[in-house]
Amino acid sequence: MIDSNEPGSAIREVRLGATRAEGGTREVSYVIGGERGLPFSREEPGRFLVALEVCDDPRFWPQVVRDYVGDLANNPDEWARAAERTYGADLVRLNLTSTKQRGFDAFSEIAATTERVLAATTRPLIIEGSNEPNLDSEVFRRCGEAGEGERLLLGTAEADRYRSVAAAALAYGHAVIAQSPIDINLAKQLNILLQEMGVPQDRIVIDPFTGALGYGFEYSYSVMERIRLAALSGDADLAMPMICASTDTLSVREVREAPPEEEDAMAVAWEFYTAYSAIVAGASIVCVRHPLTVGKLKTALGV
Amino acid sequence: MAMKALDIYKHLPKTNCKKCGYPTCLAFAMKLATGKAEIEACPDLDPETKTLLGGVTRPPVRLVQVGVGERSVPIGEEFVLFRHEKTFYHPPGIMVQVSDAWPEEKVRFVVEEVRDTVVQRVGQDLVLNGIAVRNESGLPDRFAATVTLAGGGSSLPLVLIADNPASFEAALAVAGNYRPLIHAATEENWEELAALAKRYGCPLTVRTPNLPNLAALAGKCADAGAPDLLLDPVPQSLSGFIATATEIRRAAIGRTEPGLGYPIYLDTVPLNETDAALAAGILKYAGIIVAPPLAHASREAALTLRQNIYTDPQKPIQVTPGIYPINDPGPSAPILLTVNFSLTYFTLLGYLEASGIPSYLFIADTEGLSVLTAVAGGKLTETLVAESLKEFNVGDLVDHRLLVIPGYAAPLSGKIEDATGWKVLVGPRDGADLPGYLEAEWKT
Ligand code: B12
Ligand code: SF4
């Protein structure tokens, strides 16, 4: 029932990033997916990636991280470089939070930031574009184009706004994050919509939406397990690797109200328990924001 | 394998005599099939049928109780591999370790902390469950003295971790009446330890790395009169633990190996990565988890994860819909509309009580959904608000007709005004901003 060995029943492999030989400039590229069982159920080494999130406008970023990274918060490229070299992230997720400001129209900055961050890093890159239907098309076009050939992972497609992301991914050869609100049927529907638009299965990564620990995480955990089980029993429209980004984690009460000397520890604990559990439930990529969570996850995954 | 209700029914007397407490043999069979009834309840079965049905209808993971009294920890009696298939019933007991090689002060400090620390979340009290005493000194007297220092089992459940039977003898002389968990019976010492467990009626952990051997060892101890067992597969790594624990639980649920139908024991200490090991144990089937003393952040996160994973996926934790007066409100106090999801209620309650502002929380029945989820899912509607205003006679409480609604329910504001005749004020989205909003905006 669970670990079927049917050829069609493995999680699909998705390639992220492109080396020079592959037409990009990354020093490494990654393949995620390919599993035929539950996480940790076999001797095959799991393919787990830890992404550190950075952003291009720290006003929309958790205070605890801004305090920790200091000046880096004003330089997305330096921040991204430190994510790889200092904090040991497998890859960076660049959030274009500048698009959240009222009346945003600095589209050329989007391309410039993308280029700078690509130049500052050696590993594959995830880009989180705008969250505003009116901006999507231009934002995704600009960052997609700036990263042409690099096989970015672009996000986020949702049921009512997926065309712009998908179009940019198709035009410039990137993969797409497909997010649905904690529901296996909605996840499947969105994957079908994306495929109907021409996005191949091996360029889709499912984001089942991760509620913060203590604030809905249990639903996310179970929906991830269900998606993984459905995939292993042969549902090709759910057989994509999963990404987990619990974006509300650092604004929960426990973190917000922690005494100053304990802020970092609380932020890291909250992110760590969520991300590690998401991996146990089937996530291939976990995204975190506090730099110290990265190393802790990498160590734990090696034990 | 587990038996279906109809297959069980075939073996019953089919007289529908009701002596089992169920109206028909079939009804009894259905309860047995889900592990909710005991085969012993039917007096009219021959011993062979009883053994046959007993084997297939007992809960696939045996219920074991560690400790006695209010803080005792029941574990096991689980029925599924994944929580979405039904639910997980018995959260793992987290036992904080102390060593008999530590200074007394340190032991005392840890024991008091475990005893007195309560994390309150959504109306539940979350606690670390007990103390694991390790016989690092190797000395029976020291071990017994530290067990005494840890309360002897009378206040907090204990795990007794040692190698030599003499140490267990000494510790059980102190704590034996309080059902401490003995760790561990091995291939070498199981006869002595099973005898001790039997003598004191204590639960016993069996420990050996390979699953067939573990099952066989469990079988031997059970036959020797120690039926309340836990399994320690001696994991060498975290991923190894997850893989092995999954195999054990799968064998138990599938009833393919009776010797594996017991709760699992996990000692996080040799694995080093305490937080990851705690999470792995909570997620993947541990019944008892031994951990070093935890920093505050780890403790909160681990207890929260455990609460999340052991919440019934079919029923969010809810509060009863109705009117909840806060800070002695009078007729001019604001009426604050919200939902009956416990998390929402307790979050708001915290902010409102701290503010000292008198108000009435007006909780509508959204079937346990949060504000945003209820709005998105069509569970919070103007009709519901209008009906609930009537049902709870909200109009009689106050001398105004103003209703403050959550910021996330803003799209409903016009419709609520039309359906209720009350004037709607849209409050902030974040509950933390509600007191500030009321200070600034609330005047009647
Ligand atoms: C867990 C969760 C679920 C769980 C439900 C859990 C539950 N018991 O409610 C499940 C998986 C069932 C679920 C289902 C759905 N969900 Co949902 N879910 C969440 C999640 C992750 C957390 C919700 C939560 O627990 N919040 C915490 C509580 C405390 O928040 P709250 O009730 O809103 O209370 C706060 C404020 O509203 C305010 N407040 C409360 N009362 C009052 C009163 C006053 C007067 C004031 C001023 C303020 C105030 O204070 C509180 C603290 O700040 C959110 C994402 C998120 N970050 O919110 C998505 C989310 C709410 N869900 C979403 C959706 C779309 C859905 C579905 C429609 C999807 C589907 N499957 O069809 C369904 C709908 C439900 C249904 N079946 O009908 C979307 C909503 C999109 C939108 N903006 O409308 C969200 C935002 C996720 C997303 N980004 O896509 N969901
Ligand atoms: S006691 Fe036995 S015979 Fe009587 S109704 Fe119950 S199952 Fe049937």
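Every residue, even glycine, has its Cβ placed from backbone N, Cα and C.
Keep in mind that TrEMBL annotations are predicted by a computer and have not been checked by a curator.
As recorded in TrEMBL, the features of this protein are as follows:
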DOMAIN    B:1-59  domain '4Fe-4S'
BINDING   B:C17, B:C20, B:C25, B:C42  [4Fe-4S] cluster binding site
BINDING   B:T338, B:T344, B:G368, B:L369, B:S370, B:V371  5-methoxybenzimidazolylcob(I)amide binding site
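For ligand 1, the neighbouring binding-site residues among B:C17, B:C20, B:C25, B:C42, B:L369 are B:L369, by Cβ distance under 6 Å. Contact annotation for binding-site residues (B:C17, B:C42, B:G368, B:L369) versus ligand 2: B:C17, B:C42, each with CB under 6 Å from a ligand atom. Here the Cα atom of B:C17 ([4Fe-4S] cluster binding site) is found 49 Å from that of B:T344 (5-methoxybenzimidazolylcob(I)amide binding site). Apart from B:C17, B:C20, B:C25, B:C42, the [4Fe-4S] cluster site neighbourhood in this chain, defined by C-beta within 8 angstroms of the site C-beta centre, holds B:L12, B:P13, B:T15, B:N16, B:K18, B:K19, B:Y22, B:F28, B:A41, B:P43, B:D44.
There are 22 other CB atoms within 10 A of the CB of B:V371 (5-methoxybenzimidazolylcob(I)amide binding site), with all protein chains counted. Within the same chain, the residues at least 6 positions away from B:L369 (5-methoxybenzimidazolylcob(I)amide binding site) whose Cβ sits under 8 Å from its Cβ are B:P316, B:V339, B:F341, B:G377, B:K379, B:L380, listed in sequence order. The record gives B:T338, B:T344, B:G368, B:L369, B:S370, B:V371 for 5-methoxybenzimidazolylcob(I)amide. Within 8 Å of the mean position of their Cβ atoms, the other Cβ atoms in that chain belong to B:V339, B:N340, B:F341, B:L343, B:Y345, B:T366, B:L372, B:T373, B:A374, B:L380.
Pairwise Cα distances among B:T338, B:T344, B:G368, B:L369, B:S370, B:V371, the recorded 5-methoxybenzimidazolylcob(I)amide-binding residues, top out at 11 Å. Taking the Cβ of B:G368 (5-methoxybenzimidazolylcob(I)amide binding site) as reference, residues of its chain lying under 8 Å away and at least six apart in sequence are, in sequence order, B:K315, B:P316, B:I317, B:Q318, B:N340, B:F341, B:S342. The Cβ of B:C17 has fewer other Cβ atoms within 10 Å than any other of the binding-site residues B:C17, B:C20, B:C25, B:C42. According to DSSP, the secondary structure content of the domain '4Fe-4S' (B:1-59) in residues is 30 helix, 0 strand, 29 coil.
In this structure, B:T338 (5-methoxybenzimidazolylcob(I)amide binding site) is part of a beta strand by DSSP. Note: B:T338 (5-methoxybenzimidazolylcob(I)amide binding site) has non-local neighbours B:T344, B:Y345, B:L348, B:L361, B:F362, B:I363, B:A364, B:V371, B:P406, i.e. same-chain residues 6+ apart with C-beta under 8 A of its own C-beta. When Cβ atoms from all protein chains are considered, those within 10 Å of B:S370 (5-methoxybenzimidazolylcob(I)amide binding site) total 26, not counting its own.
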